[in-house]
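Taken verbatim from Swiss-Prot:
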- 1-33: transit peptide (TRANSIT)
- 46-65: transmembrane segment (TRANSMEM)
- 66-609: topological domain 'Mitochondrial intermembrane' (TOPO_DOM)
- S112: phosphoserine (MOD_RES)
- S113: phosphoserine (MOD_RES)
- 127-162: region 'Disordered' (REGION)
- S175: phosphoserine (MOD_RES)
- 232-270: coiled coil (COILED)
- S340: phosphoserine (MOD_RES)
- S342: phosphoserine (MOD_RES)
- 350-397: coiled coil (COILED)
Amino acid sequence: MLRACQLSGVTVAAQSCLCGKFVLRPLRPCRRYSTSSSSGVTAGKIAGAGLLFVGGGIGGTILYAKWDSHFRESVEKTIPYSDKLFGMVLGSAPYTVPLPKKPIQSGPLKISSVSEVMTDSELPMAQTQETNGDTPASAAGDPAPEVEHEDTINTECPNTDEGTSTFVTAALAKSLEDALNQTATVTRQTITAQNAAVQAVKAHSSTLKTAMDNSEIAGEKKSAQWRTVEGALKERRKAVDEAADALLKAKEELEKMKTIIEDAKKREIAGATPYITAAEEKLHSMIVDLDSVVKKVQAAQSEAKVVSQYHELVVQARDDFRKELDSITPDITPGWKGMSISDLAGTLSTDDLNALIAHAHRRIDQLNRELAQQKATEKQHIELALERQKLEEKRAFDSAVAKALEHHRSEIQAEQDRKVEEVRDAMENEMRTQLRRQAAAHTDHLRDVLKVQEQELKFEFEQDLSEKLSEQELEFHRRSQEQMDNFTLDINTAYARLRGIEQAVQSHAVAEEEARKAHQLWLSVEALKYSMKTSSAEMPTIPLGSAVEAIRVSCSDNEFTQALTAAIPPESLTRGVYSEETLRARFYAVQKLAGRVAMIDETKNSLYQ
């Protein structure tokens, strides 16, 4: 494989020097330079050597491109149509997102109860190498470059690949650093909230113990103590709720960070393994610190639960004892326990005292029996608790051992990946050195071949250029004539359309004038009809002179309208006519009288007689 890669280096270096603008065709130049005496043998040897050289170079290039994706990317960028060849032989290239990244030195993130996250100043950045690779921009007809320029490009192409790889690695490191900073900030806040919850739980337990121990205090002091206990309980609930919310948020951030690390692993970026390993170590430290502080909160809550149960049992025992005393001495005023002995001397009788003493003896015997039974029971409970504790400690020990083994395996894997990366870099450097040497050894031969190709391509280019120019000139004249004809046709069409628009506008104006006159006539007739319908109380008749005059004015050029208005009697114009309302009212009056007349029979009798 190394020999094939060395052979491929010549082709890749030569083609990368010329930016992939020319194709190597060694047979024709060799035939032109061959002498007449040994043309057959020399041509066959050169043809065979050329085919072997080109085939070995292409095969070695494909094999090395399959092993190194960055080398494949550089060849695809430098040599045209090489991406299609790689796609047919090797398939599609793995996709890598070129994000800006800054390489950082890996370091463990130590988070204590007040965790501190390493900032940018604590994570020194590696200096990125500046890329000085010139962008190839030679055209098809440019002369072949000199040997010195080829060597320069051969030297700078690896630097360009190195700079691209460093750029991608730096972007990955920057993204991991930002995600770690955010996760560490949330974890630190969560740890602070958990510690505050522990302090609140301990404060509540302490105040509750104090209030239960000082049972002899009565009055306002006792009330103040219980108010303090209630306040501590509220603070405890608030702190525990805040700690739970912060813990959920921290778990979400840790899951996001874990997803980011897994995505970075899947991308398989060269040189990114140290940063991914450092991020995993810091994430593991955060998880361990968070678990420890959560265990502290759980332990504090367990202790507080025991104190609360103890308080409930004490309160229940006091209530039971008070009920027993009330049943023994029902005549004594409640609350006698707070009285002094001198006050109780005249209150309790001999029978009451004997009853209290007898009850105290029975109670002591009962408590002694319960104490003995409790001791035996607790002994069994202690044995069971010890067994459970041993099992829990064994499980915790197994879990701790598993975590330690996992951490150790991750460290070994990281070290192995680091060594593999170093060996890979050394192999790449050696391969690039061999490629440069092979390219320098065959530069003279390539220069001669490329000069011949340059002359051929220049001749072909000039011939194609003259043909294309003549075709373009003919095409230009044809398109100019077509545009002139189309322009003339468009002008004629627009002129005809303009004439049609003018005629349509004139006819529309005449129609609008006729419609306006008809509308005025209609309005005048409607006014006349309205005046004939309505009337006022002072004037039963309505003169029609003004309405008729309006009709005459609006239709002065209409003979039919003038004849119709002239036929109206002058009395109607001056005196007026009865309106429709007046006639309707008179008709109703006449109808009423006619109805009354109809009620008179043949004998002239009616309801009025």
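Numbers here mean position along the shown chain, with the first residue as 1.
Placement of Cβ uses the backbone N, Cα and C atoms for every residue, glycine included.
There are 19 other CB atoms within 10 A of the CB of S175 (phosphoserine), with all protein chains counted. Sequence-distant contacts of the coiled coil (232-270), counting only residues of its own chain at least 6 positions beyond either end whose CB sits under 8 Å from a CB of the stretch, comprise 70, 94, 96-97, 165, 168-169, 172, 175-176, 179-180, 182-183, 186-187, 189-190, 193-194, 196-197, 199-201, 203-204, 207-208, 276, 279-280, 283, 286-287, 290, 294, 297, 301, 304, 421, 424. Secondary structure from DSSP puts S175 (phosphoserine) in a helix.
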